[in-house]
Amino acid sequence: MSATSSTTSAPTENAAPENDFLAADGGLKPPGPTPSQSRFQVDLVAEAAGANEDKSPSSDASTTVPSSDKATPVAPPEALSADPGVGGEEAKGRFRVVNFADPSAAGSAASPEAPPAESLQNGDTVMSETSLHSSTGGQHHYHYDTHTNTYYLRTFGHNTIDAVPNIDFYRQTSAPLGEKLIRPTLSELHDELDKEPFEDGFANGDELTPAEEAANKEAAESKGVVKFGWIKGVLVRCMLNIWGVMLFIRMSWIVGQAGIALSCLIVAMATVVTTITGLSTSAIATNGFVRGGGAYYLISRSLGPEFGGSIGLIFAFANAVAVAMYVVGFAETVVELLAGVDLIMMDQINDIRIIGTITVILLLGISVAGMEWEAKAQIFLLVVLVTAIFNYFIGTFIPVQAKESVGFFGYNGLIMWENMGPDFRGETFFSVFSIFFPAATGILAGANISGDLADPQLAIPRGTLLAILITGIVYLGVAVSTGSCIVRDASGNVNDTVSSQFMMNCTEAACKFGYDFSTCRGTEKGCPYGLHNDFQVMSMVSGFGPVITAGIFSATLSSALASLVSAPKVFQALCKDNIYPGLGMFAKGYGKNNEPLRGYILTFVIALAFILIAKLNIIAPIISNFFLASYALINFSVFHASLANSPGWRPSFKYYNMWVSLAGAVLCCGVMFVINWWAALLTNAIVLGLFIYVSYKKPDVNWGSSTQALTYHQALTHTLHLSGVEDHIKNFRPQCLVMTGYPNSRPALLDLVNSFTKNVGLMICGHIRTGYRRPNFKDLSTDQARYQRWLLKNETKAFYTPVYAEDMRQGTQYLLQAAGLGRLKPNTLVLGFKNDWRDGDMMNVETYISMIHDSFDFQFGAVILRLKEGLDVSHIQGQDDLLSSQEKSSGMKDVIVSIDTSKDSDADSSKLSSKATSLQNSPAVHKDDDDDGKATTQPLLRKEKRSPTLPLNGSDQRLLEASQQFQKKQGKGTVDVWWLFDDGGLTLLIPYLLTNKKRWKDCKIRVFIGGKINRIDHDRRAMATLLSKFRIDFSDINVLGDINTKPKKEHVLAFEEMIEPYRLKEDDMEQDAAEALKESEPWRITDNELELYRAKTNRQIRLNELLKEHSSTANLIVMSLPLARKGAVSSALYMAWLEALSRDLPPILLVRGNHQSVLTFYS
């Protein structure tokens, strides 16, 4: 081996220093690794000791190696260590990090004079030029290893390519956070040096979903993006959204109705619900990196796409309609002000529509202008709102004589005591609560723009919880202050004073201040002022009234603006995940901030439509319920994730509790019905409908949801629980180990067994792979995942289990012993009949028969399926596509496919004729040809690049048709059960299970049994009694009295002719020669055994005659499998019996249970 190649392969620990060479570096990207070469190459860089070398443009490499067979050694080991005076002890004996370049310095490497911070932490990491170009160019190469030529040196005192822990190995996206690197695979560290390293693009299955790839692209392109901190991004938004119109125009009325105590309770109850939800939101938001999408993103990544997709759609819609609700609230206030000065344009409704439309257009302009402008507008509105609140509180401390007649007397204990209890007038506690609760919503305003936050994990918990605290305190403060200084009823008439003679009888608080408002209370209209009657009380109390009006404007417009931004952001995230295929057009973003302009337009249209209605009394409760449904699911997400006990659930926010979150979810559902029961029912119906739709569509996403985690947890718990319970006959299920080979190579076998095991018992597709000098176990695990997906896609409820073995028998023994888990273990071996047993090596027949013997040794039942056309279709290239095309157009005759002329055995479940054969039938999702040649499989029946093709010959056409016969609905026919020997009842149970299925339900069971001529009626009645006790329906029972009649002579002669080549004929040779031949060819039939089992041979031939006579038109024959004593009957004779018994018949299933009862008539 040349010096160059020796250095490019992975080094050993004993590699001498003088063998370390610098890789040739011409500034170009090095080519991909060759089969004999690891993708890791030596790329050592000596620490620069002098300023000249530091300033040199090529200071990344001190020496280059000429491209010749003989590489030149570099500097001696002394030169590789840094000068202690320059780098200190930290740099001594280390190698500089070449490739942690600043992404902003496009194309330029980091200067050695200003090494980045990572250079000390990862001082043993040297990265290649390839990686350097990829990180500075903005386009990252995910499908090709980003650490070509990476070399980790001397961390542990020797050279190694084993990587030290690095955050970049765990990334899913590139983006501003850094580049995704791929750690060396286990194969590259563990495999032999001359073996080609396994190249799978991504380590540990970190393949990116389309949504994540889109996020990568976005992130790579986004520069100068506006990101918000926790105050501007979350706190401000949440406070503005929570402080709504309720604060100024409804809070005083709530105090009038419920009193101070119950008002505080109402605020506290609402705050408890929002606080629990805030804690749950914080827990989810700190359990990993949060992208844009707010509530939708949090729920979908926790509970999966079904819940996330359903709640995301209604949450986005609720935000869109909320824009209309807030804008109409604003417009109503403006119209009232205009009406006060007689400035009505048309009429009240139309004025609201006009002002609302103008307002929403202005808000849309602010939103479309960009998040930065929207954030500035929010800050301004918050200042106005806070000013209005302070203005109110200041006003409460300034008693004004003129305001006494309208009920404001300043803080007073008597007024506070009078207003402490409730005074419900036409309302109840829960109706008042339902009016207040929408004022507490809006806690997700910050989370909804999670994609625009600099650090969502810090910002969402801090901002949301602080906003809930501040707003809760303000609501409580307003409730107590209004109740302490304003009476419930006031006339506004300064003349309603109390005369001295009535002062003694007056008990109301107003009397103490010299007012008597009882006169107006008794009138039909009631008093016009006071907490109960005047919604503008806070404006009247405040120091400067117009500031409260500005506060109302600010509260409505800020909430409208927050909703107008939230809806498109959530909707965009939903569309990017492609949960609803028709909505993909709204996923597109524009500008540096990836603004969802199309989403803004859609939100605007929805909002405008509801603004034009101008009456939102029906819509408002639905919106509240939509928000509450989102809160309930966020709380449930935390409970569910904690219950699943997944190791991946580890939020950095620790102040949550799974049971508190569950209580929060229940509270949210309760509040939904309290607010409006029919709206709650409607919301639940919509969520359920969307959930069912998404579940049915099964979006191709895997987010590691807690639903997955809980499914695993429950499966493990139930499997362990099942293992502690003894099996009972009533609960017996056929659990089949089916030797299918590749699952798509024997469709008939797979379909038939699936028919009677689906939703009843376990089915494992066993595949024994033989004939490999050095098995590639990684290929095995890849195939396992690929074919398992194929089974799921084809709705076959089975597990694919491949094994490597020396031969078929050894592999079967492995599977019989090890397949399954606990009680979920196979109890029945299912084989395809070996149609080609006479064509190949008879040792294969010996192996095949031994597999049947082994199954009985392991106390398994055995089932053999025979179709006269055969079972194995793997030699027909493109048979998958062919089957589907034939199903679509049954009239299609001349289908062109490629034929591999070396046809396979039906019985040999794995030995495919060539490696190409095994690959061409792969149902994998094939990569394109331009994937660096990494695709090991070719697409099935591909139209463009084709091997020479032949029309499908007649036998293969019949084989394909036969292979799909069990996929069709079986018409009115029969399943003939030839229950000749009692094997415990498996021969009867399988047909019963089969005829219970939809495809087979029109087939009747006919039972055939052996009997004596003179006892036919008795035997029939006995069997009918037994079947009725087993509660198994049958259409007919046939007792075969002539079962022991001798077969026809021509059939006997045909049998003898068939076995002639396999006889030992020991009488014609020396005893020693006969014994030697028998030992070398154990399948040989001796004359002695042939004579000994003559009667049994004749019975098989006779049974075949009877089968042809009685069951030639059956859809399926199920028959007792004849047994052969191990060691006494040679494999060739046993195979000949099976051949003679089952030839030239409809599909026949030979069944033999393990002679333990599987049926019982006891309850």
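Glycine is no exception: its Cβ is also placed from the backbone N, Cα and C atoms.
Automatic prediction, not curation, is the source of TrEMBL annotations.
In TrEMBL, the annotation transmembrane segment applies to 459-478, one of the ranges 459-478, 1119-1138. Proximity of the transmembrane segment (597-616) to the transmembrane segment (655-673) is not established, fewer than 3 Cβ-Cβ distances being under 8 Å for residue pairs spaced 6 or more apart. Under 8 Å from some Cβ of the transmembrane segment (310-331) lie the Cβ atoms of residues 244-245, 293-296, 299-300, 351-353, 355-356, 359-360, 363, 448, 552-553, 556-557, 559-560, 563-564, 566-568, 570-571, 573-574, 579-580, 602-603, 606-611, 613-614, 616, 619-620, 622-623, 626-627, 629-630, 633, 683, 686-691, 693-694, all in the same chain and six or more residues away from its ends. Taking every recorded stretch in 230-249, 429-447, 459-478 and counting its Cβ pairs under 8 Å to the transmembrane segment (377-398), the highest total belongs to 230-249.
Model confidence over the domain 'Amino acid permease/ SLC12A' (233-737) is summarised by a mean pLDDT of 84.
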